[in-house]
Amino acid sequence: MASQKNFQQPQSDKARRNNAMRQARVNEQDRGVSETRSEAYRRREDGVVRKPRGLSMYQFKVTGLVFVILGTLNTALIMPHLDTKNMSDLTISVILDFASWFAIPLYAWAVLMGVHHSAHLGRYLARVVLLAALSEVPYDMATTQKFLDWHNNNPVWAVAICIVVLTVMRAVEANPVRDSYSGPVYHLAPAEANVVRAVVILAAALWMFLGHFGMRLGMMNEGLVLLMFVVVFELLHRHENTMTYTAAMLGAFMGLTPGLGMAVVHYHNDQLGYRSPVTKYLFYVLYWAQLAILGAGAMLA
C-alpha cells in the first residue's frame, strides 16, 4: 500500500485573521487583562487595534453636561420670570426641561462603567459625595432661588446612592464579568443574593422618592429614573440589544426624552476618550461651576 503524505492546506486570509484574533484574546487573558467589546473585535492580523467606532465616555459626559446646563438655564433664568399666559415662553421652558432629561441614561451608563472599572471604588464614591455636598447650595439657588431647600435636593446625591446599589449588586454577583471592579465580593447562594439585591433596590427607590433628588417640573424625579436605568443596565448589560430595548421603553414612559437618550447609550464604545486624569476631575468642576454661575444669576435677577 502506497504511503500517503499529509499535506497542510494553506490557510486563507480570513482563517489567518481569525487565528490571530483568537491568539490575541488568549494572550490578553493570560496576562489577566479583560478586553472591552470594541478592543476584542476589530483587531487586525498584525495585532493593531483599529480606532473604535461609537461614543467614548468623554463624549458621553460632554453631551450629558450640555443637556444638564439647558435644564439649569431653564430653572435659573427662565422659569422664575415665566408668564404662563405667554405660550411661546412656556413652550421654550418645557422644551428645555424635557431636553435635560436626555442626559439621565447617559449618566446612568457612566455610573455603571465607573463602578465596573474604577480602581479605587471608595475614592470614586467619596468624590461624588463631596461634589453632592458642595453642589447643594448652588443647586438650590439655581432651581428654587433659595440658599437651601430640603424639598428639592440635587441629583448628585442620587448618583452616590446608585454607586452603593451597584456595588452591592456586583458584590453578590455569582458570575461577574471580567473588569477592573475593586469593591467587596461576597459568595452567597443565588436565592440569598437575589433577596439582598431586591432589598437594596427597594430601599434605594424609597430613598429616592422621599429625598426628592432632582425633582423637575414637580413630576420628574430624576434620581428615581436614574436608579431604574442603573438597575436595568446592571442586570442586562451582557445582553446589549435586550438592555437597549428595555431601557428605551422605560425611558419612553418616563417622559420620552430619557428613552431617546438610549439611542446614544447604544453607541457606546467602552473607551475613556481621554488620557489625562485631570479631565476626569474637570467634569466635577464644570458641573459645580454651571450651577454656581447660573444660580448666582438667578439670585441677582
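Glycine residues also receive a Cβ, built from the backbone N, Cα and C atoms like all the rest.
Here is what TrEMBL records for this protein:
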COMPBIAS  1-12  compositional bias 'Polar residues'
REGION    1-41  region 'Disordered'
COMPBIAS  25-41  compositional bias 'Basic and acidic residues'
TRANSMEM  60-78  transmembrane segment
TRANSMEM  90-112  transmembrane segment
TRANSMEM  154-172  transmembrane segment
TRANSMEM  193-213  transmembrane segment
TRANSMEM  219-236  transmembrane segment
TRANSMEM  248-269  transmembrane segment
TRANSMEM  281-300  transmembrane segment
Among 154-172, 193-213, 219-236, 248-269, stretch most in contact with the transmembrane segment (90-112) (C-beta, under 8 angstroms):
248-269
Going through 60-78, 154-172, 219-236, 281-300 one by one, which has the most CB pairs that fall under 8 Å from the transmembrane segment (248-269)?
219-236
Mind checking which residues reach the transmembrane segment (154-172)? Cβ under 8 Å, same chain, six or more beyond either end.
107-108, 111-112, 114-116, 121, 124-125, 128-129, 131-132, 135-136, 139-140, 181, 183-186, 188, 192-193, 196-197, 200-201, 204, 207-208, 211, 213-214, 222-224, 226-227, 230-231, 234, 287, 291
Contact call for the transmembrane segment (60-78) against the transmembrane segment (281-300), three or more Cβ pairs under 8 Å:
yes
Using a Cβ cut-off of under 8 Å, list the residues of the same chain at least 6 residues beyond the transmembrane segment (193-213) that approach it.
151-155, 157-158, 161-162, 164-165, 168-169, 172-174, 221-224, 226-227, 231
